[in-house]
Amino acid sequence: MKRFLLCSFALVLLYPAGIDMYLVGLPRIAADLNASEAQLHIAFSVYLAGMATAMLFAGKIADQSGRKPVAIVGALVFMTASLLCSRASEGSLFLSGRFLQGVGAGGCYVVAFAILRDTLDEHRRAKVLSLLNGITCIVPVLAPVMGHLIMLRFPWQSLFYTMSAMGIIVGLLSLFILRETRPARLAPRDLSRSSPAAESLVNRFFVSRLAITTLSVSVILTFVNASPVLLMEVMGFSRGDYAITMALTAGVSMVVSFSTPFALGLFKPRTLMLVSQGLFLTAGVTLSLAHTNTVTLFGLTLICAGFSVGFGVAMSQALGPFSLRAGVASSTLGIAQVCGSSLWIWLAAILGISAMNMLIGILIGCSIVSILLIFSVTPNRSVAEHEEIPYQSRS
């Protein structure tokens, strides 16, 4: 079991590392490539587009050919794309490398969740996904610090050499440590539980959890996207104050994420999901009424706590009905989360909604819709929480 957890954590970490590692070098990259920082900020959207593209195909391929091949290829693509970025001499080549980085990270991301669905029952899966969320929160704090230390002595290309090395490590783990987890077949007693209706992507329960997780990701990405404007322009924080504040909010996310597995031993998953949405609603009301920086910071802290306590549980429930199609389900969740959150941020920008109102709107909208879905759509107990998976290969 340890090998699956190690490999899943490593596969997921490529995604946030690809976002946060290079940001500290953005001014120098822009200067060397004769591009403005504003032009290179599109690299974030290009990276997400690459992830979404990979997710369109990676899940189905993982269900048909296995998790291990997709993990290896994804890591290889991420490694190669990182080298391409390091060799870029102009903006378009750099953006091409960023797109391919997203493709590699997206494939690995999908496989990681499919592996956890294959190997863990629902109760343990919810705990592990909460821990995974906590570990993922460490990356936005450590990656810029690591990038800063690297750039004290080396050029910006070294940031992408480091990411390439991460791709190599993940590839080696996938090649030599990871065992195939794709179910070869189900026992006769489980066939009815994994019928096409039970594993349909338009299953009412799956759609409800897809909506909840997509709205939750939209909340946290809106917070990340709006935070520079809120903290530095509206609240008057310096860059140093901004960095410290974001580190503290990430710390809150880590503490709550690492505490959630213990809370699952005391409370039902639905209770934690309701607490999560209650925190979102409270945060939205707090921010709408805030007149001081202290109250605003308290509202932002509630956002991090709310996401951390409920997201892993909701993801676990969403993947629960799928044994033979875990890859496709994971892909669908990833695509919806990436595209849904990007669509909201884009629409809000087009409509000229301020950063604060953008955040308040998604907080209140997410909480109301999600609470209604949690109460109205409950898990189908006829679907097994976990099936015993006979592995196709042990290599």
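The backbone N, Cα and C atoms fix where each Cβ goes, and this holds for glycine too.
As written in Swiss-Prot, here are the features:
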- 4-24: transmembrane segment (TRANSMEM)
- 42-62: transmembrane segment (TRANSMEM)
- 69-89: transmembrane segment (TRANSMEM)
- 93-113: transmembrane segment (TRANSMEM)
- 131-151: transmembrane segment (TRANSMEM)
- 158-178: transmembrane segment (TRANSMEM)
- 217-237: transmembrane segment (TRANSMEM)
- 247-267: transmembrane segment (TRANSMEM)
- 271-291: transmembrane segment (TRANSMEM)
- 295-315: transmembrane segment (TRANSMEM)
- 328-350: transmembrane segment (TRANSMEM)
- 355-377: transmembrane segment (TRANSMEM)
Within-chain partners of the transmembrane segment (247-267) [C-beta distance under 8 Å, separation at least 6 from its ends]: 123, 126-128, 130-131, 133-135, 137-138, 140-141, 300-301, 303-305, 307-309, 312-313
Touch test for the transmembrane segment (93-113) and the transmembrane segment (4-24), at least 3 Cβ pairs under 8 Å: yes
Outside the transmembrane segment (355-377), six or more residues from its ends: residues with CB under 8 Å to it: 204-205, 208, 211-212, 215-216, 218-219, 222-223, 226, 229-230, 234, 270, 273-274, 277-278, 280-281, 283-285, 287-288, 303, 344-345, 348
Distal contacts, the transmembrane segment (69-89) - CB-CB under 8 A, six or more residues away: 7, 11, 14, 18, 22, 33, 54, 58, 61-62, 96-101, 103-108, 110-111, 157-158, 160-161, 163-164, 166-168, 170-171, 174-175, 178, 327
Highest-contact recorded stretch vs the transmembrane segment (158-178), from 4-24, 42-62, 131-151, 295-315, CB pairs under 8 Å: 4-24
